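A.B. asks: Before we start, here is the structure in question, set down as structure tokens.
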Amino acid sequence: MANSQLDRVKGLIDSLNQHTKSAAKSGAGALKNGLGQVKQAGQKLILYIPKDYQASTGSSLNDLVKAAEALGIEVHRSEKNGTALAKELFGTTEKLLGFSERGIALFAPQFDKLLNKNQKLSKSLGGSSEALGQRLNKTQTALSALQSFLGTAIAGMDLDSLLRRRRNGEDVSGSELAKAGVDLAAQLVDNIASATGTVDAFAEQLGKLAMPYLTLALSGLASKLNNLPDLSLAGPGFDAVSGILSVVSASFILSNKDADAGTKAAAGIEISTKILGNIGKAVSQYIIAQRVAAGLSTTAATGGLIGSVVALAISPLSFLNVADKFERAKQLEQYSERFKKFGYEGDSLLASFYRETGAIEAALTTINSVLSARSAGVGAAATGSLVGAPVAALVSAITGIISGILDASKQAIFERVATKLANKIDEWEKKHGKNYFENGYDARHSAFLEDTFELLSQYNKEYSVERVVAITQQRWDVNIGELAGITRKGSDTKSGKAYVDFFEEGKLLEKEPDRFDKKVFDPLEGKIDLSSINKTTLLKFVTPVFTAGEEIRERKQTGKYQYMTELFVKGKEKWVVTGVQSHNAIYDYTNLIQLAIDKKGEKRQVTIESHLGEKNDRIYLSSGSSIVYAGNGHDVAYYDKTDTGYLTFDGQSAQKAGEYIVTKELKADVKVLKEVVKTQDISVGKTCSEKLEYRDYELSPFELGNGIRAKDELHSVEEIIGSNRKDKFFGSRFTDIFHGAKGDDEIYGNDGHDILYGDDGNDVIHGGDGNDHLVGGNGNDRLIGGKGNNFLNGGDGDDELQVFEGQYNVLLGGAGNDILYGSDGTNLFDGGVGNDKIYGGLGKDIYRYSKEYGRHIIIEKGGDDDTLLLSDLSFKDVGFIRIGDDLLVNKRIGGTLYYHEDYNGNALTIKDWFKEGKEGQNNKIEKIVDKDGAYVLSQYLTELTAPGRGINYFNGLEEKLYYGEGYNALPQLRKDIEQIISSTGAFTGDHGKVSVGSGGPLVYNNSANNVANSLSYSLAQAA
């Protein structure tokens, strides 16, 4: 029996649903097709009653008329019979809704037939309705639902029409839009009232929020929403719609007395997981409360069914976007406080957009979710008690259509919010006479100066200059870009803005716009002019700065609601820098972007042309092409501060000193600053989108191709510091000063008196002709001196030093296990710390040994005037040993002196000392001098160890090896060493990296000077 009743009820409900859906579908179609008629007739719902109509059994014509009048529905009694009237209005007797000249027609016979199809359901509804709304019966409920739905549809269509006209350029006043927006909101409230079940039930909910229920028809928006929270925040027009939607949805969720009163969903307050849970709880509790009021079952099983259906109807995923909007608004508002003090409120404007659209999104999402949950809950309740009601069917039928109308209206509201922001921007620009977005970049820059002041103020001291000219670039700002896109002002913004600031004594100078901004730095024309500055100066690009030129933007439509603001760069081919004329200066171009790729993938580069002054300058170059006219003074070009690629420096064709061509090879592993075009996507609602193109930069490979070459021309540059990669240097016929910096470099001095530094890495350095100075630096280096007098210093590492020609040569091994080869001229050898091997030549050689050195092996192949200087050892601290044909010199360690070969104190091995050379070759060192000036001659050592004497070792002091009491060999030795050093021409003091602040050159890395001074000092002390 129960099953048959259940089947019957389900069948009746399905039938009612089908009729209602069909009616609603017909109504929606009629609305669309009859929009023009509606506007002419007014937004009215008219109940048409034919003269031959008699109400169905169980209903009365008077009830129908009273219900219509209570709801403000016009009643029209026709003189025509039902069939004629139906065909005139609807074309058929089966339709529920249609259009007449006076408004929307509701056919009474068909409506009555729908409501009274099942007597049992009608009676059941009557009891429930009476308990909740007294005389407001099923007829009034159904009429109210249809009336509010149709009103919302018409209001929404009217609103869309007004917006469309405005977009097409027609003069649509704000008051018209405001009225249409308010009408839409009013009809929305009526819809919710119908969906709740009865008007009284909805009034009861709102009454719990202290809003008195005034009239059954809910006529007058102020009466409907009086005393609701947060309404004071709503402005005119669409702002009112936004506020109304928020408070309506909030009141709907929070109406239940058992719900968490602190939960403020969809009213502009944070939506969290807890709130999402309470939404389901509130709706479930409300449905159960209705069942109690209706005297229906509230068993645990029924409650569980209701709760599960409601939970399925409300998806937390639908609220994620809402929560994101409110969180974004919160973050933006906090962020905006930093820049308001600098006169920019764009971030706050953007926050307001997210707040308002978030409120709209929250309201509509919540309303849709609650309507769906309400419909699902009513259906579950009906199933649980084997009863149903026409209102449940009506709710189920119309909620989907209502949701569609709300969603369509949302886009229009979003666009209105965006328009409001655009109007505020226009008002600001009119008042201040300045681009709003440029003002945003100005504020960003002011904050940047505030944040980096400590760093920037240190440049004066760090670079030893009186004035710092600091150039910075505010790159594309996503917040500024988003605001420009939302307000449809993408063509009014730029990719950023470049700034110039001045510091003296660590203090920021007040700028004089005409003098500083326009004259000193012009990024549109690509000009920098420092010629008026009469101080030692640093020009520094602190942040990456875009290529010079003008940006042009064009906004165009790419789809129905899609727009693109395209970027075109009218770029300059070069920067021109006019330097400080009468004072030393530093120019740091390492952050000045020279390489660019446009949106089509075409590559280009911008040259930097520098005209420097008459004093000592330092210039730090980047990865693109440069032309440097350094002028007088000692000028230095640096390539090691950024990745400039694999470099070749060539001065072989130079006609003047300081002329070089620098070729830059940017391979795949070279990462350089390059300018690129990117796109920011901005959405205004679901359908409208803006794309903005802008310039940005990346640090990534930039392989040159298509005939593009990176090449520098250096003029009057006295000194060059290479890159941190493997470089090649080819000197000129003039004096060259090269520094390899890091990397395994190849350096060829060629002609001229060259000064060549390998620095870090395993370098190969050829001095070429001329008096050259070669320093290996760190790493295992190979140094080769050519014709002329050479000074070679291996530095740290296992180095090889060679000289083949030259009258005077200095060979310093430095730390490490080195090999030194002398020439047939006069050589000064100093192997340094480590175990070294030294090959003397046929000329006059001087070998220097210190007690901290390791085991040195000397191969002396000729000459008859060689000297070994024990620079900090006396003869009492050494012993001489004959081992085969070799002479060993051991040094005392810890007071003990041993006379055998395998001994840590073994200092020197002079190979083949006792071996007769071919054709009288002399393998001996003719004189050995200790730190006190005492000396011993080679023949005396040979005689002591002659065959038959039985002596193969002895202490120098014991054998009285020194000649002549009071005779000192050091003065003459000092003269000899000084002659060798001065003859190399390497210590004139006029080279090295420039110290700008001192006003003159500073010898850099001049270990040769250090050694010479050390030798001279030790000899002077001994003398």
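Just so it is clear, glycine is given a Cβ too, placed from its N, Cα and C backbone atoms.
Small disclaimer: the values here were computed from a predicted structure and weren't measured.
Take a look at what Swiss-Prot says about it:
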type: REPEAT; residues: 730-747; note: repeat 'Hemolysin-type calcium-binding 1'
type: REPEAT; residues: 748-765; note: repeat 'Hemolysin-type calcium-binding 2'
type: REPEAT; residues: 766-783; note: repeat 'Hemolysin-type calcium-binding 3'
type: REPEAT; residues: 784-801; note: repeat 'Hemolysin-type calcium-binding 4'
type: REPEAT; residues: 812-829; note: repeat 'Hemolysin-type calcium-binding 5'
type: REPEAT; residues: 830-847; note: repeat 'Hemolysin-type calcium-binding 6'
type: TRANSMEM; residues: 226-256; note: transmembrane segment
type: TRANSMEM; residues: 297-326; note: transmembrane segment
type: TRANSMEM; residues: 367-406; note: transmembrane segment
A.B. asks: For the repeat 'Hemolysin-type calcium-binding 2' (748-765), could you work out the same-chain residues 6 or more beyond its ends whose Cβ comes under 8 Å from its Cβ atoms?
C.D. replies: 651-652, 726, 729-742, 771-784, 786, 788, 795, 797, 985-986, 991, 1005
A.B. asks: Compute the average pLDDT of the predicted model within the repeat 'Hemolysin-type calcium-binding 4' (784-801).
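C.D. replies: Result for the repeat 'Hemolysin-type calcium-binding 4' (784-801): average pLDDT 95.
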A.B. asks: For the repeat 'Hemolysin-type calcium-binding 3' (766-783), what are the DSSP-based totals of helix, strand and coil residues?
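C.D. replies: Its residues divide into 0 helix, 7 strand, 11 coil.
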A.B. asks: How do the residues of the repeat 'Hemolysin-type calcium-binding 1' (730-747) split into helix, strand and coil according to DSSP?
C.D. replies: 0 helix, 6 strand, 12 coil
A.B. asks: Which residue counts does DSSP yield for the repeat 'Hemolysin-type calcium-binding 5' (812-829) in the helix, strand and coil classes, in that order?
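C.D. replies: Tallied per class, the repeat 'Hemolysin-type calcium-binding 5' (812-829) gives 0 helix, 8 strand, 10 coil.
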